[in-house]
Each structure stands twice: as C-alpha cells, then as structure tokens.
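Chemist: Take a look at what TrEMBL says about it:
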DOMAIN    B:66-211  domain 'NADH:ubiquinone oxidoreductase-like 20kDa subunit'
BINDING   B:Cys66, B:Cys69, B:Cys164, B:Cys198  [4Fe-4S] cluster 1 binding site
DOMAIN    B:231-312  domain 'Cytochrome-c3 hydrogenase C-terminal'
BINDING   B:His236, B:Cys239, B:Cys264, B:Cys270  [4Fe-4S] cluster 2 binding site
BINDING   B:Cys279, B:Cys298, B:Cys301  [3Fe-4S] cluster binding site
Amino acid sequence: MKARSFKRVYVWELPVRFFHWINAFSITILAVTGFIIANPPAIMSNAEASDAYWFGTVRFIHFATAYVFFFNMILRVYWSFVGNRFSSWRAFWPFSKKMWHNFLHVIKVDVFLANEKKPDIKDISIGHNSVASFSYAALFLLALVQVFTGFGLYAANAGWWLPKLFSWVVPFMGGDFIVRTIHHIATWGFILFTLIHVYLVFYHDWLEGRGEVSSMFGGYKFVCEERLTKALEDEEIESPVDEETLEIID
Amino acid sequence: MATEKSVKETYYESIIKQGYSRRDFMKFATYIAAYMGLETSMIGQVAKSLENTYRIPVIWEHYQECTCCSESFIRSDHPIVSDIILDKISLDYTLTLMAASGHQAEAAKQATMEKYKGEYILCVEGSVPLGDDGNYCCIAGRSAKDLLIEAAEGAKAIIAWGSCASNGCVQAAYPNPTEATPIHKIIKNKPIIRVPGCPPIGEVMAGIIVHMITFGRLPELDGLGRPKAFYSKRVHDSCYRRPYYDAGLFAETFDDQNAKEGYCLYKVGCRGPMTYNSCGTIKWNNGVSYPIQSGHGCIGCSEENFWDNGPFYERLTGLAGFGIESTADTIGKVAAGVVAGGLAVHAVAANISKRKELNSRTTRGKQNEKKLES
C-alpha cells in the first residue's frame with residue numbers, strides 16, 4: 001500500500017463546537033434532574049420543610065438548563081444558515097442523490113460491516129456522513145418535542161411571554177398527563193441516541209484514524225491530500241484547506 | 001318545581017320571599033364574589049345584578065351520570081347557593097329534583113323551550129351514549145342524543161356539569177362499551193362551558209351561574225373551555241403540602257412516618273401536579289377538607305382520561321401495548337440494555353470483519369514509529 005499524506009482541514013467551526021458541548025452538557029443535566037423530578041429519592045430528614053429546598057433547587061436547575069438548551073438550539077439553527085458547508089442545514093437534508101448513495105454505503109460498510117474490494121476514498125465523509133446527518137435531524141425533532149412539551153407544562157406557572165407561547169400544548173394534547181408521559185419517554189430517546197452516537201464516534205476514530213474524536217475539540221479532521229487536489233481541480237467549492245501540510249505518512 | 005311562573009321575579013325578590021334578610025343577601029353577594037375572584041369593589045355590581053335581573057330559565061338534563069354533580073351543588077357552602085340555583089334560578093326541568101313527573105314534566109320542559117327559545121340555559125349532567133343507536137340511555141322513550149340535540153337547539157349557552165359531560169368520565173373509560181361521549185363532541189354551534197370534576201365543587205358551580213347573571217355573558221374560558229377563575233391553577237400550586245414538595249420531603253407509603261408527618265404525596269401517585277382545579281383553595285364540604293388534606297392523593301378527577309391513567313397510587317403508569325405494568329422507565333432501561341449489548345457485539349464484529357485493514361494500519365503505524373528521529 002502506498003504512503004498517503006494527510007492534510008488538516010477545518011471542519012467544525014468554533015460556534016458548532018460550542019453548540020455541541022453546551023448541548024451535551026445541558027442534555028445531561030436535563031436528563032439527570034428530569035429523572036430526579038420523575039421519581040425523587042427517599043430522603044429522611046429531621047429538618048423542617050422551611051429549612052429545606054433541595055427539590056425546588058433540582059426543579060430550578062431543570063428549568064434554567066431548559067432555557068440554555070433552547071437558546072443554544074436557536075443559535076445552532078441560525079448557524080446552519082451562516083456557517084460552513086458542514087454545519088449548513090443542507091447537510092441535514094439527506095435526500096440528494098449523492099447523500100442517498102452515501103447513506104446506503106454507510107449502512108453497508110459501517111453498520112453491516114461489509115468489506116469492499118475497492119474502497120472509494122470519496123465514500124469517507126469529511127463532515128457528517130448521511131446516516132449521521134439523518135440521526136441529527138431526528139434528534140432535532142426529538143428536541144422540538146421536548147421544547148414543546150416542556151414549555152407547555154411550564155407555561156401555567158410562567159410569568160414570561162416566551163413559555164406562555166406554548167400554553168396551547170396541554171389543551172391540544174388533552175391534559176398534563178399525556179404531555180408529561182411524552183416528555184418522559186422522549187428523554188429515553190436522548191439516552192439511546194447518546195449511546196449510539198458516542199459508540200460510532202469511537203468506531204470511526206478507531207477504523208479511519210483521522211481524528212474523529214478530537215475534531216469536536218479542535219475542529220480539525222485529517223483528509224487525504226489527493227482528495228483536496230481533486231476538489232480544487234473541480235472548483236466546485238472553495239477550499240476550506242489549511243495551507244499548512246501535515247506530513248503524516250500512513 | 002317545573003312550574004311556569006307567569007309573574008317575573010328578580011333573584012333578589014325571590015330570595016327575600018324565601019325568608020332571607022337583606023343582610024343575608026349581601027353576605028351571599030360578598031361571598032360569591034370572593035369565590036369568583038372579583039375585587040371587593042365588584043360586590044355592589046353582583047348585588048345590583050341580582051336585584052335587577054329576572055330569573056333565567058334553566059333546563060337541567062341528566063344523562064349517563066350518577067347525580068354526584070347535583071349532590072355537590074345542593075351541598076354547597078351557603079344556603080342561598082342551593083336556593084338561588086335550584087329554586088330561584090327557575091329550574092324548569094330537572095329529573096332528580098322536580099315534583100312533577102311523567103307527561104306533566106315533559107310538557108313543562110317543552111313549554112320552557114318554546115317560550116324562552118334562545119334565552120334559556122341548558123345544563124347537562126352526564127355523557128351521551130352514541131353506541132347501539134343511543135339505547136343505553138333513554139328518557140321518556142327517547143335517546144339522550146335526541147333529547148340533547150332538541151334541548152340545545154334553543155339554548156343560549158350550555159353548561160357541561162362534571163367530568164361526564166365535559167370529557168366522558170368513568171363510563172368513557174377504555175373500551176367505552178356504550179360510546180359515552182362528552183357534550184362538546186356532539187353540539188358544535190353553541191357556547192359550552194366545561195366544568196369538569198367528579199363532581200365539580202358546589203361553589204364553583206354557583207360561581208359560574210352567578211357570573212352569568214351578573215355580567216350577562218360567559219365567564220372567561222381557558223383552552224379547554226373551562227372557566228379560568230377556577231381551573232387556571234393546578235391543585236398542586238395551591239396545595240398546603242406544597243412546601244414539603246419543594247423541600248423534597250415525600251411520603252413513600254401511606255403508613256410510613258413521612259405520611260404521618262403530613263409530607264407530600266407525590267410519590268404515592270398524587271395527581272395534584274397534573275390536575276387543574278380549585279380544591280386546594282375552595283375545598284369541599286363547606287371548606288372542611290379536600291382529598292390531600294385527608295391524607296389521600298388527588299386522583300385527578302377533573303382531568304380527561306383520569307381513569308385510564310391509573311393506577312392511582314403510582315407516579316408512572318403502564319403504557320398500552322407494552323405488557324401489563326411496564327412503565328416508560330422499564331421500557332427505556334430494556335431498550336438501553338439492548339442497544340448497549342448490540343453496540344458491544346458490533347464493536348467485536350467490527351474488529352473481526354475489518355481485521356486486515358486494522359492490522360495493516362497498526363503495522364504501518366508501528367513502522368513509522370521506528371522511523372522517528374530519536
């Protein structure tokens with residue numbers, strides 16, 4: 001096998017990385033506090049109720065984090081219109097022919113672990129692969145479900161107009177009970193997503209060895225040099241290439 | 001009752017005739033204004049309206065119900081409440097309380113519907129069965145649906161008393177064999193006030209009627225057609241045990257020390273946090289108590305489908321179609337376990353299937369490592 005040289009490509013811009021970690025952080029906090037609210041632990045205490053407020057604090061953290069989660073999400077939607085092509089909303093719309101082709105490739109090679117006789121270097125996505133894009137689009141919908149049901153439940157106690165905008169949700173669904181149940185079940189969707197997401201990031205890092213895990217910290221991924229030249233020749237897209245060449249001989 | 005009074009009477013006149021003093025009347029006006037959530041300056045308007053307004057004819061229909069709404073009503077706190085509503089509001093037809101029966105009663109109802117067309121208020125207690133051509137509930141040989149449509153035709157407004165008329169209540173529980181149907185799903189072209197609860201609080205019922213008399217229009221309603229004055233807050237929000245909730249002090253079972261201390265019943269299935277009603281403020285039986293105060297969690301009787309959201313003594317409930325007693329968390333844990341197991345298998349399979357690729361990469365990586373300048 002011939003030696004390959006890789007170049008460092010800036011894939012995830014700073015706002016995208018910030019979004020990712022704020023999102024991960026707030027989902028963790030929301031899930032943990034959410035489960036505590038759903039089924040609080042038994043705490044025996046001699047304290048008077050007037051001296052204790054831990055459950056109120058847990059609820060406060062849940063609501064405050066919900067706002068962080070919500071506004072973070074809004075900013076990410078904004079960034080999908082002004083950010084680079086890897087963060088663009090187009091990357092999450094897996095219905096072009098090219099993306100559909102990639103979708104099937106990923107299912108075949110990465111999910112069912114088939115080995116290709118002649119691997120095409122173009123099948124390795126630089127940003128999200130199509131299956132990943134699809135899962136993020138699904139996660140976005142799940143997040144919307146949480147926003148609508150969560151603010152819907154919160155609206156009756158809210159004094160601000162923003163949560164009150166969601167006050168129609170509870171009557172629309174028929175009552176608090178069903179809204180709460182949906183809110184609770186959707187949390188499990190986030191947990192299942194996280195398991196699969198983290199596993200696949202490790203999987204790609206291990207099998208492709210081009211900095212999948214660290215890319216969400218530093219923003220860079222390593223891409224074969226030959227791909228860059230091709231892309232430049234095609235002149236389809238302006239090159240997001242870092243001029244500095246990293247000599248990693250594979 | 002079921003009388004057709006030819007001489008018009010105001011509410012005030014009939015209250016005085018009943019033997020109450022003006023002082024009693026003013027006390028009643030003050031008391032009901034407070035329940036309606038009005039300012040003290042509005043008491044005069046309430047009194048004035050009761051003095052000047054002529055009786056509104058009321059037809060009170062009973063369909064699939066247990067009469068607990070009527071029971072609650074006649075037991076409301078202030079004696080004038082039941083008097084004004086049941087005697088003075090001129091209840092022209094109500095199966096349970098009228099003296100007349102048979103053809104006479106039906107004739108009185110017909111007379112009211114014709115004479116006061118477009119003016120009378122139709123109160124409905126109970127749901128309407130649509131199954132089997134409505135044969136599950138027939139009065140005077142006619143089906144409830146038939147009677148409802150006829151009575152609603154000339155009504156000014158409809159008050160759906162209780163959970164039966166508002167959302168179907170127990171008889172609409174799965175599988176709902178009689179197809180018990182709430183009023184708003186049958187009558188679409190009339191203003192409908194929904195007053196859910198099994199039963200609703202008597203003072204709430206009186207407050208709604210007095211509001212309509214005083215202001216000549218329906219009280220302000222929320223998204224589900226319930227009067228905002230009584231249904232805008234959760235029972236939880238006005239519960240006297242709320243401080244225990246915020247402090248995280250919960251009863252684990254009904255016989256533990258925490259339950260004796262009067263801690264929050266959240267973990268033993270109290271539906272207060274999901275139920276919109278005024279039980280925490282108005283209370284029951286002349287303001288004596290309400291379920292939570294008596295040591296039992298709220299069962300959410302004024303919420304739609306409360307009977308199917310059981311069991312009443314657990315926080316999370318079974319999800320239909322996933323086996324008996326399985327909660328969302330159980331399913332979530334199983335799903336997470338299956339996914340985690342699947343991922344582990346996938347990880348092993350990936351290393352086996354792609355071993356050549358991985359081996360050659362590892363080998364090259366090691367060779368490169370040896371080539372490093374030391």
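From the backbone N, Cα and C atoms, a Cβ is placed for every residue, glycine too.
No curator has checked TrEMBL annotations; they are predicted automatically.
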Chemist: Cα within 10 Å of B:Cys301 ([3Fe-4S] cluster binding site): which of the binding-site residues B:Cys66, B:Cys69, B:His236, B:Cys239, B:Cys264, B:Cys270 qualify?
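Modeler: Within 10 Å Cα-Cα: none.
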Chemist: Counting only residues 6+ apart in the same chain, whose Cβ is under 8 Å from the Cβ of B:His236 ([4Fe-4S] cluster 2 binding site)?
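Modeler: Looking at Cβ-Cβ distances below 8 Å from B:His236 ([4Fe-4S] cluster 2 binding site), excluding near sequence neighbours, one finds B:Arg242, B:Tyr245, B:Cys270, B:Gly272, B:Pro273, B:Met274, B:Thr275, B:Gly280.
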Chemist: Tally the residues of the domain 'Cytochrome-c3 hydrogenase C-terminal' (B:231-312) by DSSP class, grouping H, G and I as helix, E and B as strand, and everything else as coil.
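Modeler: Final tally across the stretch: 25 helix, 6 strand, 51 coil.
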Chemist: Counting all other Cβ atoms within 10 Å across every protein chain shown, which of the binding-site residues B:Cys66, B:Cys198, B:Cys298, B:Cys301 scores highest?
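Modeler: Buried the deepest by this measure is B:Cys298.
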Chemist: Are there residues of the same chain, six or more positions away from B:Cys69 ([4Fe-4S] cluster 1 binding site), whose CB falls under 8 angstroms from its CB, and which are they?
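Modeler: Listed in sequence order, they are B:Glu125, B:Trp161, B:Gly162, B:Cys164, B:Pro199, B:Pro200, B:Met205.
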Chemist: Distance between B:Cys66 ([4Fe-4S] cluster 1 binding site) and B:Cys279 ([3Fe-4S] cluster binding site) at the Cα atoms, whole Å?
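Modeler: The Cα atom of B:Cys66 ([4Fe-4S] cluster 1 binding site) is 21 Å away from the Cα atom of B:Cys279 ([3Fe-4S] cluster binding site).
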Chemist: Given the binding-site residues B:Cys198, B:Cys239, B:Cys264, state which is nearest to B:Cys279 ([3Fe-4S] cluster binding site) when distance is taken between Cα atoms.
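Modeler: The answer is B:Cys239.
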Chemist: For the [4Fe-4S] cluster 2 site given as B:His236, B:Cys239, B:Cys264, B:Cys270, which other residues of the same chain have their Cβ within 8 Å of the site's Cβ centre?
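Modeler: Here the non-site neighbours turn out to be B:Val235, B:Arg241, B:Arg242, B:Tyr245, B:Leu265, B:Tyr266, B:Gly272, B:Pro273, B:Ile292, B:Gly297, B:Cys298.
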Chemist: Other than B:Cys279, B:Cys298, B:Cys301 themselves, what residues in this chain have Cβ atoms within 8 Å of the centroid of the [3Fe-4S] cluster site's Cβ atoms?
Modeler: B:Gly197, B:Val235, B:Arg271, B:Gly272, B:Thr275, B:Asn277, B:Tyr290, B:Pro291, B:Ile292, B:Ile299, B:Gly300, B:Ser302
Chemist: With the [4Fe-4S] cluster 1 site defined by B:Cys66, B:Cys69, B:Cys164, B:Cys198, which remaining residues of that chain have Cβ atoms positioned within 8 Å of the Cβ centroid?
Modeler: B:Glu65, B:Thr67, B:Cys68, B:Glu125, B:Gly126, B:Trp161, B:Gly162, B:Ser163, B:Cys169, B:Pro199
Chemist: Please list, for the domain 'NADH:ubiquinone oxidoreductase-like 20kDa subunit' (B:66-211), how many residues fall into helix, strand and coil according to DSSP.
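Modeler: Secondary-structure composition of the domain 'NADH:ubiquinone oxidoreductase-like 20kDa subunit' (B:66-211): 67 helix, 27 strand, 52 coil.
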